[in-house]
Amino acid sequence: MRISASTVLLGAASAASAASFQNQAQHVLADNFHKAHDAVKPVADSFAHTTLESFEEAFNGMNSQAKALWDEIKLLVPENAFDKPTWFSKPKAAKRRKDWDHVVKGADVQKLWVKGADGEKHREVGGQLDNFNLRVKSVDPSKLGVDKVKQYSGYLDDEENDKHLFYWFFESRNDPKNDPVVLWLNGGPGCSSLTGLFLELGPSSIDKKLRVVSNEYAWNNNASVIFLDQPVNVGYSYSGNAVSNTVAAGKDVYALLTLFFHQFPEYAKQDFHIAGESYAGHYIPVFASEILSHKDRNINLKSVLIGNGLTDPLTQYEHYRPMACGEGGYPAVLSESECRSMDNALPRCQSLIRNCYESGSVWSCVPAAIYCNNQFIGPYQRTGQNVYDIRGKCEDDSNLCYSALGWISDYLNQKDVMDALGVEVEGYESCNFDINRNFLFQGDWMQPFHRLVPGILKEIPVLIYAGDADFICNWLGNKAWSEALEWPGKNGFNKAELEDLSLPKADKEYGKVKSSGNFTFMQIYQAGHMVPMDQPENSLDFLNRWLGGEWFEQ
C-alpha cells in the first residue's frame, strides 16, 4: 500500500515536521492544489461542476460523523480547488507501435465454440472479450540481460475505452512445460508491478549504477511469472481515461489472462496462481472472484497469495496502535500520549468504516479513509520512521523510502530498455499518485473486499502471509482479519496451532504458519512490507512449498 507524500488526506503528513495535523494539512494543500487540484475533485461525475459546500448539502443521508468530517475537510481545502472540473489522472502521452509478433483479437476468441460433455455447444471461454486485443512481443533476452529464459511483453488493449495494460512474462528457469504460472501484482493503488520484478522477486535487480544484477532466489526459479502494470496509467500502462476502483480493474485482468493463455496454450494447462502484496489485498479477491465466476475459462486458477495486504480495514486499522506502540514484536515508535490518542480515535474510525461497509457509498467511505489514515498513519509518518519497515528510518523521501526505486525508474526510462520491451509511453514512474488519490476519492480504500474470500475458499486455497516488521499493512492486522473472517471453516482455522516455518535441514525457523481447510496464515520474521526483498531465500521456500500444495486441503 503506497501513501502519497504530497497529500495529507491520505494520512501522509510530512515526516520532517511535527506540527499539528491541521497546520500540516493547510500547508500541504495550499502548495499542491494549485498544480494538482484534479486530485481532489468531487468523487461523483454528477457533482463534477459543484463545490464542496454544495455537494455536501446534497447528501443528507450521510451519518452525523461523516457530515462532521466533510465539514472539517472543507475548512482545509483552498476555495479555488474546485474552480473547474478536471480529470483525476492525466492521460499519458503514447505512440502506438506496429512491430508486434502476435496480435490476439478478443472478438475472434469470442467466436470459438466447443461441444461439451452433454453434447451441447457453448463458447470456449466466457466473458465479454469483443473489445479486447492482446499484443505480444518476443523479448530478446540478450538485449537486456534480465534473464536468459523465454520472455514476452506487450499490451492488453481495451479499444472501446482506450485502455492499454502492460505486462512482462518470464518463463520458468526450471521446467516451463510443467511448472505453474504466477501472476504478480503490486499495490498502491497506482504502483507498478515492475517494482516487484526488480526490487523483490524477479530474475534480476538494478544497482546504483543501473546495472542488472541476477537474483538467485527469483520466483521464476520454479514457476513462470507474469508482471502486470495495472490499473491503467500505472508504470508502462496508459489510457485516455481512468480506472478508479478495484472492480473495474478485474474485468481487464480476466481479459488479459484469457487472451494470453489462448495465444500460449502451452502455459494454459499448468496450474495458475495469483500473488501480490499491499493494495493487492483489495485486487486479488476481486480478480479471483471474476475468474471463478466464469464456468467456461482457460485459466486454471489453483490458489491466491496475499502478502501484507489491506483486505478488511475494519479489523486491520485496530492494529495500527499496537504495532506502533511496541506490541508487535518491535520497540515502540510512538510516545505514550500518541498511543493514547490513537486509542481515543479508534471508536470514531471504526464507526466510520462500519458505515462505509453498510452503505458502500463514496460519501461514507471517503470520510472513513481520510479520518482513519490521518489518525493512525499520520502520527507514525511524522516520526520519519519507515512505514514499510518499523526497524529503520525512511532513507529516501522522494522514492517511498527506498533509493532503489529511483534506480529502477532510471533504468526503465532508458530508451533501449523501452524499445526492447515495445513500450509505447514516453516514460516510466514507479507510482502514480493521481491513481492513488483517485481510488481514495471513489471510496475504494475502505471497501470490505474480505467478504469475497469465503466464496473463494469454497473453490481454491488462500494464503495470507505477512512480514512482521511492516507497519502499513502489519502482521497483527492480517492475522486478526484472517481469524475474524466468517466462513464455514472459521472454528477449525482459529483452533489450528501455529507451527514453525524453516528451511529444509535448517535448525532456525524463519516464521510461523497455521492452516486449516483451504485457509493459511504465515508470519515471516524480520521482513517488512516487501517480504521477498527482505527474506529472499525464505520467501522462495514458502512459495515453492505452497505451489507444491503442502498446505492445501486434501
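Backbone N, Cα and C atoms are what each Cβ position is placed from, and that goes for glycine too.
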C365 forms a disulfide with which residue in Swiss-Prot, given the options C349, C356?
C356
Cysteine of C339, C372 paired with C349 via disulfide, per Swiss-Prot:
C372
Those active-site residues from S278, D470, H529 that fall inside 10 A of C431 (disulfide bond) by CA distance are none
If you measure D470 (active site) to H529 (active site) at Cα, how many Å is it?
5
Whole-number Å distance between the CA of C356 (disulfide bond) and the CA of C394 (disulfide bond)?
32
Nearest of the recorded positions (S278, C365, C372, N518) to C339 (disulfide bond) - Cα to Cα
C372
For C372 (disulfide bond), which of the recorded positions N222, S278, C401, N518, H529 has the nearest Cα in space?
S278
Across C325, C349, C356, C372, listed as disulfide-bonded residues, the smallest other-CB tally within 10 A is for C325
In whole Å, how far is N518 (N-linked glycosylation site) from C394 (disulfide bond) when you measure between their Cα atoms?
37
Closest to C401 (disulfide bond): which of the recorded positions C191, N222, S278, N518, H529, going by Cα position?
H529
